[in-house]
Ligand SMILES: Nc1ncnc2c1ncn2[C@@H]1O[C@H](COP(=O)(O)OP(=O)(O)OP(=O)(O)O)[C@@H](O)[C@H]1O
C-alpha cells in the first residue's frame, strides 16, 4: 500500500465519519474540505484537493484527492448513501477502477469505519517502514533471490569454498603438531609423514580455490548480465512520463554501478562472508578444544568489535547511499555534457563544465573520504584489539606452557587460530558494510524491475514479445478502417507538470486522405498532438478516435504502426544510413522500398554522393550529418513504414525553400496515391497554403479552423497575425521593447 493510498484512506475515514455523523442527525450535510480536517495528517495542499463540486444538500457530492498529480482518487457520496471510490488506472489515464460502498444500515457504516481505522493504524505502523525499506534498502531475502537462477553453480562454488576453508582450518593444528614433533627424539619419520600430508592438503586447497574463484567470477558476471538485461527491458517498457521525471545518467548508473555492486555481493561477498563465518565459528571451536580458559582471553575483543562494528555499519550504510547518489549525479553531468560537447565548445563552456563536474565528483570524494576514515578507524581499532588479545594469549598461554598445562605446539596452534578468528570477525563486520551497500543498490534496481508501466501508454510483457510487426488491432475489421482522426474534448497536462494544462477541451477532426496543417504560437501544444495520437501520453479527459475507434482500445503496436512521424528534434542512431532508414520498418523491408522512401524524402541524391553511400555511418545521434540531411533521413524512415497517417512536425524546417517545395510535392503525391492522412505542424506560409485545412491552436483549444485562404483573409484572425509576425511585419514595438528594455 503506497503513501497515496494511505492518504486516501485517511481521507475516506474522515468522509465516512462525517457521513455517520450527519446520518445520526437525520440530515445529509455535505462536509467541507476544511471540516474534514485533512490537514491533521496530510495538508489539503499536499493532497491537492480540489473543492467539492458545489452541490446543494441532498444531492451527490464529489471529492477529489490527488497526490502530487499522481494516483488521483475520486470519492463521491451519492444521495442514496452510497460512496463511490474511483481510482485512476495510472497517473495519466482517464480510466478509473471503481468501488461502491452502499448501505442504509448504520452498523454497516460503523463496521466499515472500524475496518478502515484499523487498516489505517496497521498501515501507519507497518507500511511506512515497509515503504522506507522499499525505497532505500531491499530485504536480504529479496536481494538473494536474484541469485536463485544460479543456485546450482553457486552451491558448487560454495562447496569449493568450504573445502578451501577446511584446508586452512586444519593448517594451524598441523603446525602445532609439527612444533611438538620436532621436539621429540627420532621424529624424522613422523615429520616426513606430516609434511607429505600437509603438501596433499595444500594441493586440495589450491584446486578448491581455483574452482571457487573461476565459478564465483563467472556467476557474478552472469548475474550482472541478467540483471542488466532485465533492468533495461523494464526501462523499455515504462511509459514516457516515467522518463520525464528522471535523468538518464541516474538510470545508466543503475544499469552499470548498482548491478555490479549487487552481483559482487551475491558472489564474492557472499563467499567471503561464508568463509569468515566458518573461520570464526570453527576457529572458536578449536580454541575451546585447545584451552577453554585461554579462549576467554583470546575472545575478549569480540564484544568491543561487535558494538563498534554495529555503529560503524550503520554509519557506513547511511553514507554509502549518499555516495551512490553523488556518483550518479556526477555521471549525469558527465554523460550530458559529453554528448552535448558541440554546444559546450560553442559557448566556451569547457572550464565551467570541468568545474561543475569537479564539484560533483568532489562531493562524492568527500563522502568516500568519510567512509575511508571510518573504515580506517574501525580497522585500526580492530587491529589493535586483535594484537592486544594475541599478546594476552601469549602471556597467559606462556604461563600455562611453563606450568606444563599446555605444549608449545598447542600454544602455537592456539595463537594461529586466535589470529584467524580475529580476521574472521573483522571481515564479517566489513562484509556487513558491503551488504548494506548492496541493499541500497538492490532497492534502486528493484524499483525499476518491480515497476508496472501504465497499462495504456507503457508496453506490457506480451506487447514487447509480440514486436511492432505482429501486433493486431484486437478489432478484426479495424484493419480496413478509414483514416479519420477525431480529438474530442481533450484535456491534457503532462504528468510531471500537472499545474500547467496544455489542452482544455481540444476538439478537431481530420478526414481520410486530408492534409491538415496545425499552427499556433510556440508552446501551444502542436507537438503534444503527435504524442497523444501515438499514445505516448493519454489525455486526462476526453477521447481520441482513429477510424471511429477509441485509440485506447487498440493494440499499441498496431496503433503506432499506422503512424509515420518526423519529430521536431530528429534523432538518428549510431549506425549506417541504411540501418537508420529501415529502423522500425521490420526485418523484411526490401532495398527497393528503402530507395523509394529515400527518393520521396529527397535523400537518395545526397546519400549517393557520400563516400560509402547507404553504408555511411551517421555517428552518435546522427551528428556527422547536416540538420537538413538528418531531417530527410528521418522522413525516409517515416515513409518506409508505409504509414496510414503521416505526421510532420516542422520536418523540413532545416531545408532551403527549393528542397522543401520538391519534398512537399513528392509527399503530396504519395498522400494522394496511398490515401494517407497527413498532419503537418508548421509556421511557414508555403506549407500552410498547400493544406486542405488549417487549425490554429491557442490557449489549449482550437481557436480557428478552416481553409487557409478564408482564415488569412480575416484581418483580425490569429493566423493572419501569426503570418505577419513570421514575415516580420506584425510587431509594432520599439527597438527597446524588442531588446527586452521596454516598459
Ligand atoms: N515532457 C514534457 N513535460 C512537461 N511539459 C512539457 C513536456 N513537453 C512539452 N511540455 C510543455 O507543454 C507545452 C506544449 O509543448 P509542445 O512541445 O507541444 O509545444 P509546441 O506548440 O509544439 O511548441 P513549438 O512550436 O515551440 O515546438 C509547452 O508549454 C511545454 O513546455
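From the backbone N, Cα and C atoms, a Cβ is placed for every residue, glycine too.
The annotation domain 'ABC transmembrane type-1' is assigned in TrEMBL to 156-437.
The domain 'ABC transporter' annotation in TrEMBL covers 485-724.
Annotation comment: TrEMBL describes 153-173 (among others) as transmembrane segment.
Non-local neighbours of the transmembrane segment (193-215) in the same chain are 153-154, 156-157, 160-161, 163-164, 167-168, 170-171, 174, 177-178, 181, 271; each lies 6+ residues outside the stretch with a CB under 8 Å from one of its CB atoms. Residues annotated as transmembrane segment in TrEMBL: 193-215 (among others).
Same-chain neighbours of the transmembrane segment (296-315): 284, 287, 374-375, 378, 381-382, 385-386, 388-390, 392-393, 396, 414, 418, 421-422, 425-426, 428-429, 432-433, 436, counting only residues six or more beyond its ends whose CB sits under 8 Å from a CB of the stretch. Feature annotation from TrEMBL assigns transmembrane segment to 296-315 (among others).
Residues of the same chain lying 6 or more positions beyond the ends of the transmembrane segment (376-396) and with a Cβ under 8 Å from any Cβ of it are 293-294, 297-301, 304-305, 308-309, 312, 411, 414-415, 418-419, 422-423, 425-426, 429-430. Marked as transmembrane segment by TrEMBL: 376-396 (among others).
Positions annotated as transmembrane segment by TrEMBL: 408-429 (among others). Proximity of distant same-chain residues to the transmembrane segment (408-429), defined by a Cβ-Cβ separation under 8 Å and at least 6 residues beyond the stretch ends, is recorded for 168-169, 171-173, 175-181, 183, 272-273, 275-277, 279-280, 283-284, 286-287, 290-291, 294, 298-299, 301-302, 305, 309, 312-313, 378-379, 382, 386, 389-390, 393-394, 397-398, 400-401.
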